[in-house]
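Residues or ranges marked as topological domain 'Extracellular' in Swiss-Prot (evidence: sequence analysis): 33-344. Look at Swiss-Prot and you will find ASN114 tagged as N-linked glycosylation site, backed by sequence analysis. Annotated domain 'Sushi 3' per Swiss-Prot: 160-225, in sequence order. Annotation source Swiss-Prot lists domain 'Sushi 4' at 226-285. Feature annotation from Swiss-Prot assigns O-linked glycosylation site to SER291, THR296, SER298, THR303, SER304, THR306, THR307, THR311, SER312, SER315, THR320 (among others); the stated evidence is sequence analysis. Look at Swiss-Prot and you will find 366-392 tagged as topological domain 'Cytoplasmic'.
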Amino acid sequence: MAPPSRRECPFPSRRFPGLLLAALVLLRSSCSDACGPPPTFEAMELTSKPKPYYKVGEQVEYDCKKGYHHFAPFLTHSICDRNHTWLPISDEPCVKKVCHYIPNPLHGEAILANGSYSFGNQLHFICNDGYYLIGKEILYCELKGSDAVWSGRPPICQKIVCKPPPKINNGKHTFSDVEVFEYLDAVTYSCDPAPGPDPFSLIGESTIYCRDNSLWSDDAPECKVVKCRFPVIENGKQIAGFGKKFYYKATVIFERDKGFHIIGSDTIVCNSNSTWDPPVPKCAKELPPSSTKPPTLSHSVSTSPTTVSPTSSVSGPRPTYKPPVSRYPGYPNPDEGMLNSLDEWAIALIVIAILVGVAIISFGLHRYLQRRKKKGTYLTDETHREVNFTSL
């Protein structure tokens, strides 16, 4: 049997590199003679699927994108030029579609977010004082198919009104015959005269008004008798808020006596449940300042075993010697001030004694000299004679 014949490759291996090089040269020459992908725009797009390369002289068509329309006639195609660039065109004639104009609502205002009615923009609505908005506060310009439309109906501004305020027991409010209250209308409550000795107190806000949400600014107040007990404080006294009876919001201020301090608040107020808030304070006695207690010293006498100590008939602990506090280091000596004052007096007495002694000695010398001068000459009318005498 003859062996199978070997099949030869139509492209010998030695020729393959040459063929590959030729293909690259042809591809390079074809790419250099073509344009790349055509330009893209915000407002318009190609009417056909784009290709990676276009021959010289080849043309592409454009049209406005969805949501845009032709504002004016314009060039809608571009051509691959000989210099391998696209003929310049613009998308400015394609403009956004707009929603229809919405005027300001009665007693309100419509505000464009970006100053335009084109799709994608917003329209905000607000109402004047005394009116509230019924409907959507913001409308959006959206695309519906090929048209631009608003996302809803425009709202309206309705006048703010409140229902009559609630009635209260033991009291009344002004304008009780009015059925509808407008924005910022106000009523004032008051209490009726009480049948007993104590009057009614108005608990809460006396005046309320109609707010922008058609509700009253506060709950209705309450009329009831509020009376707190007479406040009594030991070791202290009342200095403000005197009275025989204490009704709602009565305020009392206390002061402590000397040697005491207040526990609690010195100011209390009668609240709506007839109790003092905070509670009536108390006065506690002030404690003396703490001092360090000196150590106690005790002296004991030891005796020999043969010495028998006498037995005392008095029972109890043995007396111990405690030196005064002034003998410990760091404690002042109570006699120190007395000694200082005595030293001053002693010095003064010594000085006075010296002065008195000097005066006595001076006086004695003076008397002695006077006696010596009395020994002199005695003259008479008849004769002159010298007489020596001694004064007695």
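Using the three backbone atoms N, Cα and C, a Cβ is placed for every residue, glycine included.
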Within the predicted model, mean pLDDT of the topological domain 'Extracellular' (33-344): 85
Other CB atoms within 10 A, centred on the residue listed as 'N-linked glycosylation site': 9
